[in-house]
């Protein structure tokens, strides 16, 4: 255990015997300090949308298929021209040093071990270059919270390009911080600095809450901003935080190379729909023009299957990976991915689907309780 400014950072490095991801969360709560756990696990206001992200997966059911001669399903896929061994990826999540002393560096190692993709956050505990290097050549994206300071944006985009990342994720649903009651109750302020802010900003984020940090980000974002980012970098730009078909088409029209359906894990607009409930409509509007990425609420292999069958090309997981990081470092991250991949393989076989392409063509039953 390492103590920084009174905050205890875990140093665990071990494989995990994962039963399910809900149990993993309970285990992580025991070892992550209260303020850090509240920041990681919490949603906005009374967390209605956070809960809806889980309930939404009950709105569709997978049709079992038995007489299909299927065995040994294959998880390999290719998105943005990037070959991947799993359709799962690690979402951009801030300040992973709250869970483990090595933070994003260990997350990158764990994701690389399963042949997956990781997305770095602007507000990472470790630098773009260090995180990319620790991934041993595995593909990574970099997520940008667009700053009011264009020089800051350019510096991050330039470093991301030098570090070899494969795409830029532009977050557009965080022009103001959601009202996060857990952070208020815990009077939570980041106890450790954010490496990219340390390097390129006058303030490293240490000793501040997320609302104060967001205050330096752009308070309004439009399609012209998407175009500006897309014109500046030659990397594909994926627009994150899309929940309406209209916004998806605006983003594509402005130069987006990908659409990322997400409600920020229920941390922003409380009272909005679950991301899974809007995924199919957004994917239909996109109509194959660009890849569709999805996150929010994934906890089971069946959730992954349903997301892929509803139009997602890549499926993101966030909090469970951070819990795995806290409990086991890089090996813990690897354990979380392997558990979900295993569940997905079982579901694929029972649903008569051999490949991820088969899953994407699978029909789901629409049922509302």
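If you go along the chain as it appears here, the first residue is 1 and each next one adds 1.
Including glycine, each Cβ sits where the backbone N, Cα and C put it.
Among the features that Swiss-Prot reports, active site, proton acceptor is placed at 264. Spatially close to residue 264 (active site, proton acceptor) yet at least six residues away along the chain are 173, 174, 178, 241, 296, judged by Cβ distances under 8 angstroms.
Under the heading pyruvate binding site, Swiss-Prot lists 39, 145, 180, 264, 267. Sequence-distant contacts of residue 145 (pyruvate binding site), defined by Cβ-Cβ distance under 8 angstroms and a gap of at least six in the same chain, are 121, 122, 123, 171, 174, 214, 217.
Long-range Cβ contacts of residue 299 (FMN binding site) within its own chain (separation 6+, distance under 8 Å): 20, 21, 22, 54, 320. Look at Swiss-Prot and you will find 92, 93, 94, 121, 143, 171, 240, 262, 295, 296, 297, 298, 299, 319 tagged as FMN binding site, backed by similarity to another entry.
The domain 'FMN hydroxy acid dehydrogenase' annotation in Swiss-Prot covers 13-369.
Spread of the FMN binding residues is 23 Å (greatest Cα-Cα distance among 92, 93, 94, 121, 143, 171, 240, 262, 295, 296, 297, 298, 299, 319). Of the binding-site residues 180, 240, 240 has the largest number of other Cβ atoms within 10 Å of its own Cβ.
The Cβ of residue 295 (FMN binding site) has 91, 260, 261, 262, 265, 275, 315, 316, 317, 318 as same-chain neighbours under 8 Å, each 6 or more residues away in sequence. The binding residues for pyruvate are recorded as 39, 145, 180, 264, 267; their greatest pairwise CA distance is 18 Å. Between residue 39 (pyruvate binding site) and residue 94 (FMN binding site), the C-alpha separation comes to 10 Å.
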